[in-house]
Structure formats: C-alpha cells, structure tokens
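Listed in TrEMBL for this protein:
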type: BINDING; residues: 65-69, 140-146, 171, 272, 341, 393, 460; note: (6S)-NADPHX binding site
type: BINDING; residues: 66, 136, 174; note: K(+) binding site
type: BINDING; residues: 430, 431, 432, 433, 434, 459; note: AMP binding site
type: DOMAIN; residues: 15-228; note: domain 'YjeF N-terminal'
type: DOMAIN; residues: 237-519; note: domain 'YjeF C-terminal'
C-alpha cells in the first residue's frame, strides 16, 4: 500500500535529527537556522500582535537553543523600535557556539540582558513591570518530565500576566511535552505559538490546545531532501485528502458504488445500525443493507425507505442465527460493518466468529460491541485481515490494549503505535485528535477536536461512512483518512448551527453532504 503523504508531524527527536542532518550533511550553519527561526517568529508576532514599535517586550531566555531563538528575536524587535529586555536563566558566558553567537550579536546591537535572580521579577525596570508582550523562550520541544521549581515559578508568573500582556511562545509553550502534548504539571498559556519547520506531534494533541493558542508552523530552511531521508513517523491530515474523494462519473449506477452490509442491533440498541446506515448512505454507497434479528428490523427501518433489509433467524436475538441466513445476507455485500448495537451475547460472539473466519469474506469495519468481543476473545485477532478497520474509542482501545482509559489518553500516540505493531489492519483511535494507525506507515492525526462529535452514535456514523468509502473502491488506509477527515469536518461545520452543542448523530450524518462539498473545493483544477 503506497501511503498518501500529508503534513509531517515530527517528534522532538525527529526534528532534532532534521537539524543535525541539515548541519552535518548539507553544511547549513546552525546560526543560519536560528536566524531564520527568529525572522519567522518576528513575522508571526507582527501578524498576531501588530507593530512592536515603542512597545515593551520582555523575553525569557532559557539555556538551550530555544533561548538562543529568543535572543535573536530580541535583536529584531530592538531594531523594529521595541523596548526590549531579555531575562536569561543562566550566565551569558555559558551560551556557546550558535547560541553564543546570537547573544553576542544581540548585545552588540544594544539589546539589554538581565540575569534572572530570586527577586528579579518583583524589581523589573519600569517599562517591563507590566510589559505589552512576553516572549516565552524558556524550554524547547525536547522537554519531558516535571518542571523544576524555579522554572515552574516563572511559568506561573508569565501566566499571571496573561490578562494584560500578549504571551507569545517560541516553538512550544514551556512546560508542554513536545511528544505527548501533556503539561508538566502546568505550562505557559500562550495567546499564540510559532513552531519551527513543522509542528511537533505534541502540539496537535488535544491537551495542548489550551496552551498553544493560535499555532503557526513556519519554515526555517530544512532541505526537502533531509525531510524525505528522515521521514516523520506521524502526519497531520490536511486538505490534500480531497484528492481521495471518489470520482463521480456520468455513467455510474448504484452497483458502481458498492453494497454495504451492516450487522448489528439488539433489544434497546436498534438505533446504532440505523446511524451506521445513514453514514453509509451519506458517504455515497450505492446499496445499504441492515442484517439483524428478524423481530428487530421493523423498528430499525421505519422511516428509512432507502435501506434494504436481511432478516436473520426468527426472534429478536442473535442466538438462533444460522450460517445459511448469514450467507444469504452476505451474497452481494462488498463491505461489512459489524458491531453497532449488536450486544455481547454468545450469539453475537458466534456471529462475529463466523464472519471473521468466512473464506473470501469482504473487508470489515469492526465497531462497538464487535471490539468488546474481540478484546475478550483475542484469538479472533488472528482472523483479521489487512483490509479490515477497527474503530475503538478510548474505552474500547483500553480493552484491546489491556490497559486503562487514563493510560490510553495520557499518551495516545504510544497506544496508536502499539496497535500498528499488534494488528495487521487499520486501527482508528477515536476521540479529539483521532489517530489512524497502520503497519509500516506513519501514523495519521486528525486536525479536528470538536465537541459536536461527542454525542452517542457519532462512531456509528463514522463506521458506516468508512464502509461506504471502501465500497466505492478506496484502499483501506485512504478510506480511513478520508472518512476520518470528513467526519471531523462535518462536526466542525455543525458548530455554526449548534455552537453550544445539542446536535445529534443524525445531524453529523446529514452534515457529511456539506463536508464533502466543502472538501471538494480544495481539489486541484482539472487539466
């Protein structure tokens, strides 16, 4: 499977390797990379804050390269007419090589520096007691662990100024883990952040958004050859996913777009397969069929004339479903959705086992109760195929991984990487910042974290949407990427009508039409 390439999201270690390779293999001086970073930071600051002329700007300079970026930015701000003071956490003599170069250059041009001591912040000179702008250059993207007490005090002080000073973070807000996006235990709450060359993985994790403010990624001159030779292990879904939209041909018919079969539903849970069917229909499938215990189908399909049905057995449970009736339902199916509202009975387990072990079966999207049964009966994992898709939310992911929800959420990237190693198929870890894992290719992160998706049935809609894209001929990874993006975009578009939530999963399914229309505007012009 040749992966579609999206925006790279390097880890802090991968970004450090990009820097090293640029310097060692291409001879780009580190001083130049820092100069480029500081100029890009200046441009973003002007865009976010406006002119800095005659403004008081207080820069916090840590001991690493992030601090050197602050020194270089201080020089540019000084030249632009700002009243600049750089507070440094270590004696300036400890700044070596490229960092030392930029410190010396800034001092030569007239930038004022002051060593941070115990009472420095309470005795700042007049222009900087209540600065117009504070620049955070304390810690970089390589920071992990807990803040030291002295740095923690600085972070608290910066945050206390937030109501009257514009807070601008260089590369990452100090105190934020560049890999996981977790605060340690707090972090600078910036109004805006400029990150260099590419956003690091942690900056797009859901927990980071409260600290980064508006996030800007700006190039600093890392050669394309370096990025290609050292590819990032994670990518960010972007509008280039529009190229995966199924082509609409004038001579197409309903058979062209595939046949989605949804197996699910149980007493009290008849809505889940219906929502999956709505997702499949709005996704563009030619046929959508629900197969369920016979006595449940009337409740499911009332008001859904577009959905076909396959009654299974004679009752309202999965316990008397024969293999023959399953085989009849599967005859024309090109993709299966298994699990929505199915329940966890012995009959549901038997049905799932039969489906997974069926020779030559279609690709399958496993959701909800199918994931619970898979976690409880791990031998079933041996029957998964590379063209299947699992769609766990954090609770289901914890069951599959044998861990807790808290552990899944504390490092979603690690959980997704584990799935890529342990499962032969696509695994979509749902939630804010949905992650798509697949063996031997980069993880893919959704840019969407919208509360309008946090409603019961949202995942059922996604399962049906994914199946419809598979039915229309997309390969599994492309279907996962396009489906996750459209689902997220639908939730984003619902914010206009439902700014305080209150939408339903059916609204998400209906909004898929607008989402596809919106995404189609991003397609390159036809030649």
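Note: Cβ is positioned from N, Cα and C throughout, glycine not excepted.
Structural mapping of features recorded in TrEMBL.
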| residue | record | DSSP class |
| --- | --- | --- |
| 65 | (6S)-NADPHX binding site | helix |
| 136 | K(+) binding site | strand |
| 141 | (6S)-NADPHX binding site | coil |
| 171 | (6S)-NADPHX binding site | coil |
| 431 | AMP binding site | coil |
Quiz item: Of all the binding-site residues given, namely 65, 66, 136, 171, which is spatially nearest to residue 431 (AMP binding site) at the Cα level?
Solution: 171
Quiz prompt | Mapped DSSP class for residue 393 ((6S)-NADPHX binding site), helix or strand or coil | solution = coil
Quiz prompt | In sequence order, the binding-site residues (65, 68, 171, 430, 433) whose C-alpha falls within 10 A of residue 136 (K(+) binding site) | solution = 171
Exercise. Counting other Cβ atoms within 10 Å, pick out the least crowded of the binding-site residues 144, 430.
Key: 144
Exercise. Give me the non-local Cβ neighbours of residue 393 ((6S)-NADPHX binding site): same chain, 6+ apart in sequence, Cβ-Cβ under 8 Å, ordered along the sequence.
Key: 430, 431, 459
Quiz item: So which of the binding-site residues is most packed in, judged by how many other Cβ atoms lie within 10 Å of its Cβ, out of 431, 433, 459?
Solution: 459
Self-check item: For residue 68 ((6S)-NADPHX binding site), the number of other Cβ atoms found within 10 Å of its own Cβ
Solution: 30
Quiz item: Where does residue 459 (AMP binding site) sit by DSSP, helix, strand or coil?
Solution: helix
Quiz item: Around the K(+) site (66, 136, 174), what further same-chain residues have their C-beta within 8 angstroms of the site's C-beta centre?
Solution: 60, 62, 67, 70, 137, 138, 139, 140, 169, 170, 171, 172, 173, 188
Quiz item: What count of other C-beta atoms do you get within 10 angstroms of the C-beta of residue 141 ((6S)-NADPHX binding site), across all chains shown?
Solution: 27
Exercise. For the domain 'YjeF C-terminal' (237-519), provide the mean pLDDT of the predicted model.
Key: 96
Quiz prompt | Taking residues 430, 431, 432, 433, 434, 459, which bind AMP in the record, the widest Cα spacing (Å, whole number) | solution = 14
Quiz prompt | Cβ packing number for residue 171 ((6S)-NADPHX binding site), 10 Å threshold | solution = 27
Exercise. Any same-chain residues 6+ apart from residue 432 (AMP binding site) with CB under 8 Å of its CB? Would you list them in sequence order, or say none?
Key: 206, 448, 449, 450
Quiz prompt | Additional residues around AMP, ordered along the sequence, whose Cβ is within 8 Å of the centroid of 430, 431, 432, 433, 434, 459 | solution = 393, 394, 429, 435, 446, 449, 453
Practice problem: May I ask which residues of the same chain, at least 6 positions away in sequence, place their Cβ under 8 angstroms from the Cβ of residue 174 (K(+) binding site)? | Solution: 60, 62, 136, 138, 139, 143, 147, 151, 154, 155, 187, 188
